[in-house]
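S.K.: Dropping the structure in here first, questions after.
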Amino acid sequence: MDLAKVSSFLIVILFLINVASSTTFTVVNQCNYTVWPGLLSGAGTTPLPTTGFSLASSESRLISIPASWSGRIWARTLCNQNSTTGKFKCVTGDCGSSQIECSGAGANPPATLAEFTLNGAGDLDFYDVSLVDGYNIPMTIVPNGGVTGDGNCKAAGCAVELNGVCPSQLKVTVEADGGVAVACKSACEAFGTPEYCCSGAFGTPDTCKPSEYSGFFKEACPTSYSYAYDDGTSTFTCSGADYVITFCPPPSPRGAAPYSQLEGFSIAAAASLAASPTFSVAFSLGILAVAVF
């Protein structure tokens with residue numbers, strides 16, 4: 001076999017190894033409005049072919065994820081591109097890049113996050129849906145085809161619409177039709193104190209405990225991270241799986257988020273309000289009645 005044939009053979013083998021070791025993410029939008037997923041790769045991991053895109057209602061997109069990738073995925077909502085400046089802006093989950101591609105920038109909280117570390121300790125994938133940075137949209141991660149011996153390879157996330165029942169101290173609203181809730185802050189983002197942010201003297205699992213605010217998220221979404229040290233019931237592991245990341249999955253009703261009420265609303269005004277949100281006083285005990293994931 002001559003050198004050229006050997007080189008071609010090795011290229012094919014390396015290609016097949018890469019394909020076999022990659023993971024497929026299927027990103028699905030079951031909301032009745034468009035979302036703009038953002039993707040951020042962790043430090044030292046291979047960048048993805050896209051860092052942001054548009055996903056219309058009922059659309060899905062396949063993304064090939066390299067081996068040992070870590071990072072996060074989230075949904076940006078109420079987005080628009082300024083016709084004069086060309087800058088792209090979202091009311092929730094904006095990454096500040098002024099473009100659809102986030103290009104290495106993360107989500108501005110509050111935002112629901114899907115977090116992954118692939119081929120981590122024990123060659124396992126670690127994943128979770130985090131509300132530590134707040135919440136803007138229902139989201140779940142469902143593994144496809146993977147297994148683990150401890151039975152922890154299963155669905156994770158928050159399938160409940162929480163914006164309408166968010167505590168008043170955490171609620172982010174835009175002033176349309178009397179004030180429409182578009183996101184729900186974490187207590188750390190809302191108050192910035194060490195006991196809520198698990199920092200300083202509260203920087204360990206022993207000193208940083210669940211609060212009434214993290215309890216609100218945990219009661220509604222028991223398989224989501226509700227605060228920094230909520231590891232026990234919130235981190236999941238699989239081996240050899242692909243993953244389906246779904247925005248507005250069942251049982252959240254399609255269009256449960258009140259974005260349909262914002263049709264025609266000024267995106268510039270909404271973005272300004274999102275930067276310095278007003279809080280409506282409307283905490284509802286309806287959370288006790290919503291379905292939990």
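Any Cβ shown, glycine's included, is placed from N, Cα and C.
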S.K.: Determine, on the basis of TrEMBL, the cysteine among CYS184, CYS208 paired with CYS198 in a disulphide.
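M.R.: Of the candidates CYS184, CYS208, the one TrEMBL pairs with CYS198 is CYS208.
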S.K.: Which one is it, CYS90, CYS102, that TrEMBL ties to CYS95 with a disulfide?
M.R.: CYS102
S.K.: Taking CYS238 as one end of a disulfide recorded in TrEMBL, give the other end from among CYS90, CYS153, CYS158.
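M.R.: Record-based pairing for CYS238: CYS153.
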S.K.: With reference to TrEMBL, which of the candidate residues CYS158, CYS166, CYS197 participates in the disulphide bond with CYS184?
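M.R.: Matching partner in the record: CYS166.
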S.K.: What residue among CYS188, CYS197, CYS221 is stated in TrEMBL to be the disulfide partner of CYS158?
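M.R.: Answer per the record: CYS221.
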S.K.: Let me know the most crowded of the disulfide-bonded residues, choosing from CYS102, CYS166, CYS197, CYS198, CYS221 and counting other Cβ atoms within 10 Å.
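M.R.: Buried the deepest by this measure is CYS166.
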S.K.: Counting every protein chain present, what is the number of Cβ atoms, excluding its own, within 10 Å of the Cβ of CYS95 (disulfide bond)?
M.R.: 26
S.K.: How many neighbouring Cβ atoms, not counting its own, are there within 10 Å of the Cβ of CYS153 (disulfide bond)?
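M.R.: Neighbour count, Cβ to Cβ under the 10 Å cut-off: 20.
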S.K.: Give me the CA-CA distance between CYS95 (disulfide bond) and CYS31 (disulfide bond), in Å, as a whole number.
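M.R.: Their Cα atoms are separated by 21 Å.
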S.K.: So for CYS248 (disulfide bond), how many other CB atoms are inside 10 Å of its CB?
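M.R.: Other Cβ atoms within 10 Å of CYS248 (disulfide bond): 25.
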